[in-house]
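Visitor: Below is a structure I'd like to ask you about.
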Amino acid sequence: MQAPPPARVDGPGVRPKEAKRGFRRYRWEFKDSNRVFWTMGHAEVKILNIVCMVAALQLFETVATHPILILLLTMEVSIFAFFIFLYTFAIDRYMPFISWPITEILNDLFIFVFMIGGIIFAAKVRRVMPPPYIGAVILMVISAILALVDLYLQKKHLKGKKIPKSAVGHRILSVLMETITKEEEMRIRKANEEFENEEKERRRREKKK
């Protein structure tokens, strides 16, 4: 029995036509979202940031600490956990009305500012700092640096995006959400060419039979 021809691909992300709806689409989105999330370094940076913040919380709890520092770290851990959950289960793919890369850029900027502010505040509220307190402050410094690293990764992710000239006007929001990189365009074109070649080869074999 002859194998069916490969699925033709179309649209951003090179999604097969068979995976446009239902569970097949979610399974494809789930795999593609995790592939992008883990291979581009976003997941690793976020997990490291959460580890630093949780460790800082544990150290702060061993000494007398101002509640604002505990609240700050708890809030940032919750935000990072939210983004990890969002990308792991590909929920962002079903909310295209939000520009998630821009949202993450703003979040990284806010985290950096809050962490620097928290470090300055932690240094002012205590004159004598025990070793656990100093360790927690150092972890906050590392967390601020990791926020800058994640910001760089987001900038790298947005590099090369473009908006087609023909799509200006009332559809500009949807165009922003559907812009694709040159590399993705090449992947789509290459996949379609392979499909056409396979189709021609299949028809040639059928004629010979």
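Every residue, even glycine, has its Cβ placed from backbone N, Cα and C.
No curator has checked TrEMBL annotations; they are predicted automatically.
According to TrEMBL, the protein carries these features:
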COILED    181-208  coiled coil
DOMAIN    37-159  domain 'MARVEL'
TRANSMEM  36-60  transmembrane segment
TRANSMEM  66-90  transmembrane segment
TRANSMEM  102-121  transmembrane segment
TRANSMEM  133-153  transmembrane segment
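Each of the listed features needs to be described in terms of its position in the shown structure.
Guide: Sequence-distant contacts of the transmembrane segment (66-90) (same chain, at least 6 residues past either end, Cβ-Cβ under 8 Å): 26, 29-30, 32-34, 36-37, 42-43, 46-47, 49-50, 53-54, 56-57, 60, 100, 104, 107, 111, 114-115, 118, 121-122, 125, 136, 140, 143.
Within the chain carrying the transmembrane segment (133-153), a Cβ under 8 angstroms from the stretch's Cβ atoms is held by residues 40-42, 45-46, 48-49, 52-53, 55-57, 59-60, 63, 65, 69, 73, 76, 104-105, 108-109, 111-112, 115-116, 118-119, 122-123, 126, all 6 or more beyond its ends.
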Visitor: Just to confirm my parser: what is the rounded mean pLDDT across the domain 'MARVEL' (37-159)?
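Guide: Its mean pLDDT is 88.
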